[in-house]
Amino acid sequence: MAEPENRVATHGVKCFSKIKMFLLALTWAFVSKSLSGTYMNSMLTQIERQFDIPTSTVGFINGSFEIGNLLLIIFVSYFGTKLHRPIVIGVGCAVMGLGCFIISLPHFLMDRYEYETTISPASNLSSNSFLCSGNRTQTLTPTHDPAECVKEIKSLMWIYAVVGNVIRGIGETPIMPLGISYIEDFAKSENSPLYIGILETGMVIGPLFGLLLGSFCANIYVDTGSVNTDDLTITPTDTRWVGAWWVGFLICAGVNVLTSIPFFCFPKTLPKEGLEDNVDVTKSDKEEKHGGKAKEEKHGITKDFLPFMKSLSCNPIYMLFILISVLQFNAFINTFTFMPKYLEQQYGKSTAEIVFLIGLYNLPPICVGYLIGGLIMKKFKITVKKAAYIAFCLSLTEYLLSFFNFMMTCDNFPVAGLTTSYEGYVQPLYVENNVLADCNTRCNCLTKTWDPVCGENGLAYMSACLAGCEKSVGTGINMVFQNCSCIQSSGNASAVLGLCKKGPDCTIRLQYFLIMSVIGCFIYSLAAIPGYMVLLRCIKSEEKSLGIGLHAFCTRIFAGIPAPIYFGALIDRTCLHWGTLKCGEPGACRMYDINNFRNIYIGVPAALRGSSFFPAFFILILMRKRQLPGEIDSSETELAETKLKEKKSECVDVHKSPGVENDRELKTKL
């Protein structure tokens, strides 16, 4: 009898290790999908400049990922549990890789990137044709070559990014609902919070790598290798700079394809963790259960869909939780999608530097918070009702702290004719005619072309011509303009390329902003696991997969898709100066009114999050009056485990006898 019992015990160890191996593979899938998503967010500014499109269009590109999710989320969440879940997840990872590859295609199909400038590389620099000269005739608007206008069809290449992002969204669909339901089905209920915390940690490690990759690629010129970078007149801090965004998408494609391979090696089902070593479960019992389950799946694959949907719709706690998630997701999607753009404009840093700082300051506290939250739930065996109170209090605390961000502000860049007058006085509104002054009216300058220079008086000008500069020395980014009539200084009235840097006080405020974000991210991530356990425990076990999928569906259709679009449109309204395409059409925004930008970026998410605490309060009231389905399932699992321990104890009493051999047999049986 020892040999078959030993075989059962060995099988239990193997099954126990398989759930851990699946957790490892799923965590890496979470890493790869969040790597791709975070890299996409970090490169939105680069894509905006590459295709010369407004922020609202960039928001549509970002939201197209959610459109791909919506196409399959309900189908996969319900019918996916009837299929081979690990294989479905593996196919999804491979499809994500395909989507990332399609996003990178425009770089190989387009001509080289040509940024807006008054300094033509082909012109004779010694002629100073781009500077102030009253002796030549020059129109205030550029002339357009019809052939060059036709080439601007390249701006439609952003559709490739939309299609690739939709495909990436389709591939990402099965990973979370099927992966979490697989773990929930075969893991101990007390281990589930810890496992979900590990998965959430994977979703933080992925963004960390994604932001580091984004910082690296943003610092490399988009056409590096095919152009002489020494001839460039822009730097990574310039709003016309475009980094090598396509390189990162190729890397993400490879990572996602490699991630898909392990999932094809896992079985469709596993024994319940902690119960797989029950020697009283005979082979006939297993076959009977398996046959009954197969018959149930065969007859119930479609008939239960509508009853499950009705049951979920009539669950007040579940529906209120969806409302909270929609409001919170609207706030966080807006915040994280446009954080690089906001910090660039607010604090005058490059995309590469901002993306690196976001990864350095924001992600580690989130990772630690997820792990600590999961460990606390497991260690103290916190009930769902207590978890709801913890999540509410922590979220409210973090929300109140977020209002300090209104204090971490800097002024607009001082640009003559846009944010200040030529005398240095701040002007409240931008008027196009203000770019002309007595010092440059004789110069016949282009008034819409953005090619800023910084004067030694601390003021920036939209171009060297508008600064009244008559002479230039040097080449590339080292070019210096001299004899500038609009620059009032005691020196030779010179200017250099680019906007003037913001002062050291602004850098200090950026540090304060990042420190507050560290505190806020840690507190909110502590609340994430308890809050997510409320979602999992407020629905019945047989409805869990569909419930997670419906939750994801609602957050995507009411938050993931519209949020970046309407938020991008609001940001566009704060633009002070639009870039100009060759045919005179507006391109990407070059400069924003940072005060209005700040009110929208911080104020709108604050209003959305504040309104989410009202339904959260009603959830706390409802949970005091009823027992959740998850609590019933959890108590049944604990009862089964208690009975198993009692059977083991009886086995010890019956077979208890002295001697080493009897001890070994007893251990084998247990």
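Using the three backbone atoms N, Cα and C, a Cβ is placed for every residue, glycine included.
Record features (TrEMBL):
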- 21-40: transmembrane segment (TRANSMEM)
- 22-627: domain 'Major facilitator superfamily (MFS) profile' (DOMAIN)
- 60-80: transmembrane segment (TRANSMEM)
- 87-109: transmembrane segment (TRANSMEM)
- 194-222: transmembrane segment (TRANSMEM)
- 242-266: transmembrane segment (TRANSMEM)
- 317-339: transmembrane segment (TRANSMEM)
- 354-376: transmembrane segment (TRANSMEM)
- 388-408: transmembrane segment (TRANSMEM)
- 433-488: domain 'Kazal-like' (DOMAIN)
- 512-536: transmembrane segment (TRANSMEM)
- 548-571: transmembrane segment (TRANSMEM)
- 600-622: transmembrane segment (TRANSMEM)
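The list of residues near the transmembrane segment (354-376) in space but at least 6 beyond its ends in sequence, with Cβ under 8 angstroms from a Cβ of it, reads 42, 193-198, 200-201, 204-205, 207-208, 210-212, 214-215, 218, 339-340, 343-344, 347, 382, 510, 514-515, 517-519, 521-530. With a cut-off of 8 Å on Cβ pairs spaced 6 or more residues apart, the transmembrane segment (60-80) and the transmembrane segment (512-536) reach fewer than 3 such pairs and are scored as not touching. Confidence across the domain 'Kazal-like' (433-488), taken as the mean pLDDT and rounded to a whole number, stands at 85. No contact links the transmembrane segment (87-109) to the transmembrane segment (388-408), because fewer than 3 Cβ pairs that are 6 or more residues apart lie under 8 A.
Here the transmembrane segment (194-222) sits apart from the transmembrane segment (317-339); fewer than 3 CB pairs are under 8 Å, leaving out pairs fewer than 6 apart in sequence.
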